[in-house]
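Colleague: Dumping what Swiss-Prot says about this protein:
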- 1-23: signal peptide (SIGNAL)
- Cys100-Cys105: disulfide bond (DISULFID)
- Cys199-Cys215: disulfide bond (DISULFID)
- Thr246: active site, nucleophile (ACT_SITE)
- Arg274, Val275, Gly276, Asp277, Thr297, Gly298, Asp299, Gly300: substrate binding site (BINDING)
- Cys357-Cys384: disulfide bond (DISULFID)
Amino acid sequence: MKRHLGTCLWVLCLASTAFSSLAVTTSPKPTLASAFSGKSKTTAGTTAVKANKTTVELLPMVINTWKFTAANVLAWRILKQSKGGLRQTRNAVVEGCSKCEKLQCDRTVGYGGSPDELGETTLDAMVMDGATMDVGAVAGLRRIKDAIKVARHVLEHTQHTMLVGDAASAFANAMGFESESLITPESKDMWLQWTAENCQPNFWKNVHPDPKVSCGPYKPRPTPLTRWKEDRARNEYEIGRKNHDTIGMIAIDVESNIHAGTSTNGARHKIPGRVGDSPIPGAGAYADNEVGAAVATGDGDVMMRFLPSLLAVEAMRAGKPPAEAAQEGLRRILKYHKDFMGALIAVDRLGNYAAACYGLDEFPFMVSSPAGTDGPTRLETVKCIAGQDKVNVVSL
């Protein structure tokens with residue numbers, strides 16, 4: 001089942017146990033639209049959404065970023081192996097993300113995608129337990145395909161939160177994972193084409209020779225600067241589904257036990273050693289059984305500075321519904337980065353959920369829960385408008 005949820009700055013999908021109606025009044029400012037189960041009716045000046053008044057069973061649930069259907073279906077099947085998904089949320093998230101790694105989802109998850117400046121693919125991944133607040137993560141993982149499973153081993157077999165680089169690979173070998181090349185003919189061709197085009201775009205600044213026309217090697221500019229003025233818009237990097245894409249997944253059982261996880265091969269043509277938001281708790285994902293969870297995707301270099309997943313969960317802790325929480329998680333970024341691109345999913349512990357996006361044409365995401373009308377698994381889509389930085393907040 002596919003639902004298109006309108007065009008606006010923020011389009012939010014929310015399931016709830018009981019509703020009457022919602023009215024969103026238009027104004028000269030960009031407006032917020034919300035969509036619920038049920039039919040909508042549009043009139044001049046007002047968008048009225050009739051909600052489903054019946055009580056809907058929302059849990060258990062699996063929700064993930066992007067149209068990664070196979071990952072969601074597998075996670076849902078694993079979650080349902082026990083009644084109500086009890087004690088299966090970790091297995092569901094790890095196996096769901098692992099499925100995407102194996103399928104090389106959009107070539108932005110798993111091996112054979114997003115080569116760095118040297119042509120190598122490295123992986124980042126994280127698993128977070130909302131009951132214990134324990135986290136296992138890996139970053140810059142080399143020569144190991146199973147990033148999310150290595151992250152699980154960090155969680156279950158160490159007292160650390162994150163392992164990185166070659167040392168993370170050595171840990172993976174000790175845990176029984178085999179080393180193998182993450183480079184494929186496709187990723188090699190991608191890198192060769194990039195170098196043939198003078199390494200454009202790249203992530204360097206304030207260096208010489210000019211990084212906008214040269215591959216380097218680079219050195220710092222000799223003139224010291226007190227503040228660097230960026231002369232390259234972030235949207236020049238083509239951030240979106242085919243770059244900076246991450247699978248972020250949340251699984252919740254009927255007792256509101258929550259796990260969240262992420263996996264990615266990072267930004268295409270990144271400087272070697274770069275780590276994005278995906279393996280950072282509070283940035284790529286965050287989970288707390290007392291509140292809910294959130295996962296993010298987009299420009300990780302920017303997002304990790306603001307911890308949007310943590311902001312969304314803390315907004316729900318303060319009593320805000322997922323729709324407002326998702327906005328709040330991204331609004332902080334927009335204060336400083338008007339050319340930012342990204343999306344955020346927020347889910348409360350009861351299974352109510354919302355998605356917010358900015359700067360992309362649209363943001364699809366997958367949901368599996370008993371609330372589906374044509375089966376448990378459905379695709380939902382958010383349409384976004386770039387270049388806007390103000391929204392009207394509607395009380396839900």
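Backbone N, Cα and C atoms are what each Cβ position is placed from, and that goes for glycine too.
Where in this structure would I find these features, and how exposed are they?
Modeller: Cβ neighbour count for Cys100 (disulfide bond): 28 (other Cβ atoms within 10 Å of its Cβ, all protein chains included).
When secondary structure is read from DSSP and collapsed to three states, Cys215 (disulfide bond) falls in the coil class.
Contacts of Thr246 (active site, nucleophile) defined by a Cβ separation under 8 A and a same-chain sequence distance of 6+ are given as Thr65, Thr108, Val109, Thr262, Ser263, Thr264, Gly276, Asp277, Ser278, Gly284, Ala296, Thr297, Gly300, in order along the sequence.
Within 10 Å of the C-beta atom of Asp299 (substrate binding site) sit 25 other C-beta atoms, taking all shown protein chains into account.
A strand conformation is recorded for Cys357 (disulfide bond) in the three-state DSSP classification. Neighbours of Cys357 (disulfide bond), defined as other CB atoms within 10 A of its CB across all chains, total 29.
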Colleague: Measure from the Cα of Cys384 (disulfide bond) to the Cα of every one of the recorded positions Cys215, Arg274, Gly298, Asp299, then give the nearest.
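Modeller: Among Cys215, Arg274, Gly298, Asp299, Gly298.
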Colleague: What same-chain residues, at least 6 away in sequence, bring their CB to under 8 Å of the CB of Cys215 (disulfide bond)?
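Modeller: Sequence-distant Cβ neighbours: Thr195, Asn198, Cys199, Asn202.
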Colleague: If we check Cα distances from Cys105 (disulfide bond), which of the recorded positions Arg274, Gly298, Asp299, Cys357 wins as closest?
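Modeller: In terms of Cα distance, Cys105 (disulfide bond) lies closest to Gly298.
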Colleague: In whole Å, note down how far the CA of Cys357 (disulfide bond) lies from the CA of Val275 (substrate binding site).
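Modeller: Between the Cα atoms of Val275 (substrate binding site) and Cys357 (disulfide bond), the distance comes to 22 Å.
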Colleague: When the Cα of Cys357 (disulfide bond) is compared with the Cα of each of the binding-site residues Arg274, Gly298, Asp299, which one is closest?
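Modeller: Smallest Cα separation from Cys357 (disulfide bond) among Arg274, Gly298, Asp299: Gly298.
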